[in-house]
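What Swiss-Prot records for CYS52, CYS55, HIS129, CYS135 is Zn(2+) 1 binding site, and it gives sequence analysis as the kind of evidence. Feature annotation from Swiss-Prot assigns Zn(2+) 3 binding site to CYS182, CYS183, CYS384, HIS421. What Swiss-Prot lists as Zn(2+) 2 binding site is CYS266, CYS269, HIS335, CYS342. Marked as region 'Zinc finger 1' by Swiss-Prot on the basis of sequence analysis: 52-135. Residues or ranges marked as region 'Zinc finger 3' by Swiss-Prot on the basis of sequence analysis: 182-421. What Swiss-Prot records for 266-342 is region 'Zinc finger 2'.
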Amino acid sequence: MIIPWQKSTLYKHKTSIECLLNYSFMPGTPETALDNLALVHTYAALTSTSTCKICQTLYSLISKNTPAVSFYEDYSLLCLTCLYAPITWTSTLMTAADFIEIIKTHFPTSDTSNFYAPQSLLAIDIQLHFYIHRCFKVLSSNDILSTSSLQFLKTTFLQGKLTGSIPGQFCFKTAWIKNDTCCNNTSHDLPSNLSSVFCKADLQLKPNLLPIILDIWSASDLFKNNVSNSEQPFFTYPEDIDICQGPCLLSPSLGLTQKNNTTSICPLCECIASHPNAIDTLQTLKYTIINCIENNVKLLDRISFILSNDELDFIQDPILKTVIQNCSIQEIHKHFFCDPQCALNIKKTSTNILFKIPDPNLLKVLCARLATGEHLSKNYYLDCEYLETLALIFKCSQTCKVGKTTFLEIIRELDLLSKKHNIPTVKAFQTSQIYA
């Protein structure tokens, strides 16, 4: 049984992960972008007529080799983990490590020497399959066309993010599908079949991944105030790349942009994906920010007071505490109160599923059910494809050129659905004007 999200898996496939990271940088000079193999691969993957390379890889392998039932169990467990993981750079990295572990385990004769390389698989393929389109989700035949329309919107805006603009003839009002019953979540708790496996208080936690993430990003502008203590760096940056943006193509932002002391890759969301105590710690911090003063003091000032007075003694892990302390007040404000993608990550993530090590016998029984598609149709905390699509294209439209009418229509629909799903953020227009 392959348990996802483990540091040991990352080190086991270090050579393959290094190849993936090498092809996840922006080129050092803009004039070389057109010939950059990683960018060409990424652009092609985002065209509306392209196929999913992960789906094609799996189909090819299964057609040539009949895998054991354990393959479907391991793959479905990874899919469940991705369903409850935040959409972040760290999630893409860990999923890439887990995916190649599954392939090498169940298809040992397949050639994986260039598994992560241009014209094979790169970060965008992991993102599209496991996080953006979620090809593994069980889908009703009645929803196929509407889902395809949402996929078109996502890839159009992601491609625009990569190139800098959306095609001039694009009309959001025509492409958008209004749906009064966007999702059918009546309960926001995990069903007993999942909670009995992952939510027991006495379960051991997997090692936290935050030190590795800090190490990989140490030379870039992300986490720039944090010092990596690694004596043996996990990864060394190649030459002729944009060091400041780091290996940013592993992130759905497809770049590292900066605005008003914030970045398009949220450091606190990366903490959620890499540290088992991050969500509880950040919830405590948010509560402290909201309740520390009774007067009408701005949120930014409240955050400033808490950071300056060193009121973070409740954080036990020194590395996590340092990362939070080194965040700007704007980054904390953006994460808790402004950014719709951050809000979705907070609401949809299950620390228990990501970081707890279940009882093997109980997990084996669960995986047999997962392999049939059970529990893979939705995230029980929140599962709204329309809201997730709007959040994604909103983030893309912050940095790529779109028409004014299109931008305002996206904001309007995003605000309406955020309110419907009780996503507590400021108006999207405000966020778009002040933060990355």
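A Cβ is built for glycine as well, from the same backbone N, Cα and C atoms used for every other residue.
This view paints the features noted in Swiss-Prot onto the structure.
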residue: CYS52; record: Zn(2+) 1 binding site; contacts (Cβ under 8 Å, 6+ apart): ASP125, LEU128, HIS129, HIS133, CYS135
residue: CYS55; record: Zn(2+) 1 binding site; contacts (Cβ under 8 Å, 6+ apart): HIS129, CYS135
residue: CYS182; record: Zn(2+) 3 binding site; contacts (Cβ under 8 Å, 6+ apart): CYS384, GLU385, TYR386, LEU387, LEU417, LYS420
residue: CYS183; record: Zn(2+) 3 binding site; contacts (Cβ under 8 Å, 6+ apart): LYS378, ASP383, CYS384, GLU385, TYR386
residue: CYS266; record: Zn(2+) 2 binding site; contacts (Cβ under 8 Å, 6+ apart): THR88, GLU331, LYS334, HIS335, ASP339, GLN341, CYS342, ASN345
residue: CYS269; record: Zn(2+) 2 binding site; contacts (Cβ under 8 Å, 6+ apart): PRO86, THR88, HIS335, GLN341, CYS342, ASN345
Item to check | Mapped DSSP class for CYS269 (Zn(2+) 2 binding site), helix or strand or coil | outcome: helix
Checklist entry - Apart from CYS52, CYS55, HIS129, CYS135, which residues in this chain have a Cβ no more than 8 Å from the mean position of the Cβ atoms of those residues at the Zn(2+) 1 site? => result LYS53, ILE54, GLN56, LEU58, ASP125, LEU128, HIS133, PHE136
Checklist entry - Relative to the mean position of the Cβ atoms of CYS266, CYS269, HIS335, CYS342, the recorded Zn(2+) 2 site, which additional same-chain residues have Cβ within 8 Å? => result PRO267, LEU268, ILE272, GLU331, LYS334, ASP339, GLN341, ASN345, ILE346
Item to check | Sparsest-packed among the binding-site residues, when each Cβ's other Cβ atoms within 10 Å are tallied, from HIS335, HIS421 | outcome: HIS421
Checklist entry - By DSSP, what is the split of the region 'Zinc finger 1' (52-135) into helix, strand and coil residues? => result 55 helix, 2 strand, 27 coil
